[in-house]
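**Student:** So TrEMBL says this about it:
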DOMAIN    515-708  domain 'STAS'
TRANSMEM  72-93  transmembrane segment
TRANSMEM  99-118  transmembrane segment
TRANSMEM  164-183  transmembrane segment
TRANSMEM  190-212  transmembrane segment
TRANSMEM  218-237  transmembrane segment
TRANSMEM  249-266  transmembrane segment
TRANSMEM  278-297  transmembrane segment
TRANSMEM  333-353  transmembrane segment
TRANSMEM  365-382  transmembrane segment
TRANSMEM  402-422  transmembrane segment
TRANSMEM  460-484  transmembrane segment
Amino acid sequence: MRRGAQQYVVARPLYSEESFAEDHETVYRHRKTMLDHIKQYFTCDARRAKNTALSLLPVIAWMKIYRIKEWLLSDIVSGISTGLVAVLQGLAYCLLASLPPWYGLFSAFFPVVLYFFLGTSRHISVGPFPVLCLMIGSVVTRLVPDEGLPHNITGFEGLTRDEQRVLVASSVTFLAGIMQLAMGILQVGFVVMYLSDTLVSGFTTAAAVHILVSQLKFVLGLTVPGLSGPLALIYTLEIIFNKITSTNVCDVVISLTIMVVVFVVKELNDRFKSKLPVPIPIEVIMTVIACGVSYAFDFKTRYGIDVVGYIPKGYEPPMAPNLHIFQETAVEAFPMAIVGFAVAFSVAKVYSVKHDYTIDGNQELIAFGASNIFGASFKSFAASTALSRSAVQESTGGKTQVAGLLSAIIVMIVTLAIGFLLEPLPKSVLGAVVIVNLKGMLMQFRDVPYLWRRDKPDCVVWLGTCIAAILLGLDLGLAAGLGVELISVVLRAQFPRCSVLANINGTDIYKDRKDYVDIYEPEGVKIFRIPSPIFFANIEFFRSKLVEAVGFNPLRVLRKRNKALRRIRKLLKKGDLQWTSKGFLNTSCGPIKESEDESNMEELDLPTDFKDLPTRIDWSAELPANIIVPRVDVHSLVLDFAAVSFLDISALKGLKTMLKELIRVEVEVYIVACDPYILEKLHDCCFFDDEVQPSMFFLTLHDAMLYIHEKHPGSTEKKSDFEKIITTVTVHQPGGSLRSRDRHAPYPETKF
């Protein structure tokens, strides 16, 4: 290829897989057995021990490169800003978990401290996440309902309702942490890949709807019992509408004021973020103002609004989880572990790409698992990352998790010293802050029209996940969404878009014949492309599409031919049919009646046998005694396996049966661009025999077509002139040098 040239000329021999293997020696590679992998996994030396220690404590790696002069000030500013937001969100999101507000401060402190040492992301802000809080709240209200007796749980004796709820939340968090830690140790961080962006978008949108409904009782100042289970959202809305006349007007006014002001300032922050040194912490400002106004005018006494109330100073002693609660909440804990990790990993991946560093999914599982176990021991609930809080940490200049540690220190100061200042804060303010922060998740509804236009199966996954999560609850909705997603993947693989290819005139390129005008299809040749793996679920679909492409059913044709041969033998034996130099001669006086012999039907599937006949039957010519057999106009079939990534045993059997049926009706089959590992598997599974042979495999589609052209020159000629495809055997390199297996032995030019 010359520099700037728009054409290239390739000169090489025509290769089948066998001839290519003969001419080119392969490199022997030792394949590791399962035992080798196990030995390697448990082998330990000084270097591996060091690498393991560094991978388990990523803080060591990035602290070595920490630039104190350049990064420390940015981390301090970011840590203070994030800490103020974390305090407010900790109090607000705790309401979603149906727990006393100050326990949200625990969740904004303990997990952050441990993640500082174990996490690989430098920019996410660890702490309460509204979706997880809502999932915990559904478990809490199921075991300890607002009205009625709690479940009969060992360890509930002598505890108040709030203490029982804290025990449930910390125990289910501990169990979710154990699951995350186990998955990280077992190196199964890939499970999050099964949660597609579409599924996560639909799930978080449904969670936003649940959160919105759950906060209405605080915004309206109503007393609504917490419900869980299928249709809980519908029942909650029913209760709210029944009590709507009891709305506290003061709560509504406060909430609307907070929402409008926070929403407007957040929009200004987004619009002028390039000009603002740090985003305006409007949530914190409005919270401080609301808290001061509530205290000055005594809103609790004068207007009967619900406030945060007493916030104890300091931290409570550690507490062991309840094993009985483990048994009751195991089903809910697993989706919490998956969702918490999936959201945090997705956000961490975005920031790692933006700032050019790597994160480890398995280490993130270990970090979040250990953080949740550690936090649950001190009565915090499940932690992940809130998108808005992580955005604050990154946008205010945070460079490392030093900013996260400083935000935890801010939370600790509030918990130990100044928490009492938040006691007059109306809960409607927290509810309004939560609702305003739902904007990003609720705006995901705009994805639906886009998905419907671009990818309808993905749109079905989004809608199925969202609707199921809204109606059935978040845990069952996630399971239903996964089911819909897996069904969509299976259906796409089970019913792929197979196509018949044709040659683009003047090139060695083959495309779907329905898409192009200037194409060439040699007579008697079909090129069939399979764009997916072939396995037990789609082998019959593959067969039906292949039959549709070639225009006949090979098994039916084979049986018709064998029936015709059986009848010709009977007529020859009776003397009604004789062989002459001009062909078969009907010697019967009257018409020969067709007799249907159903005996030995299995023999009809065997290859046609001409040994008792005076000549070989030409199936394309007219047959004697008015015998009619379906005509086969295809002499060569090329199967393009370029997109076939694997074959299972069922597919191997089905493929071999199809190939034999085609070969037995005198159709030559060629398989091209087959993956070497599939070819190796075919040999290992004894796929080849006297009929199905390795010689049918060719290196490329054009190699097979040239071979067919040489073998059937008459059938591939075109009546009118057409552009010729030149395939010679030289390769021109940019430097002008000639690369060839033998420069002094030029290969003949093949024209097609």
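Glycine residues also receive a Cβ, built from the backbone N, Cα and C atoms like all the rest.
Note that the structure is predicted; figures quoted are calculated from it, not measured.
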**Student:** Report the listed stretch (164-183, 218-237, 249-266, 402-422) having the maximum count of Cβ pairs within less than 8 Å of the transmembrane segment (99-118).
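**Tutor:** Answer, by Cβ pair count: 402-422.
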**Student:** Relative to the transmembrane segment (72-93), which of 365-382, 402-422, 460-484 accounts for the most Cβ pairs at distances under 8 Å?
**Tutor:** 402-422
**Student:** Under 8 angstroms, Cβ to Cβ: which one of 190-212, 218-237, 278-297, 333-353, 365-382 has the largest number of such pairs with the transmembrane segment (164-183)?
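**Tutor:** Between the candidates 190-212, 218-237, 278-297, 333-353, 365-382, the best contact partner of the transmembrane segment (164-183) is 365-382.
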**Student:** Taking every residue in the domain 'STAS' (515-708), what is their average pLDDT?
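**Tutor:** Within the domain 'STAS' (515-708), the model's average pLDDT equals 86.
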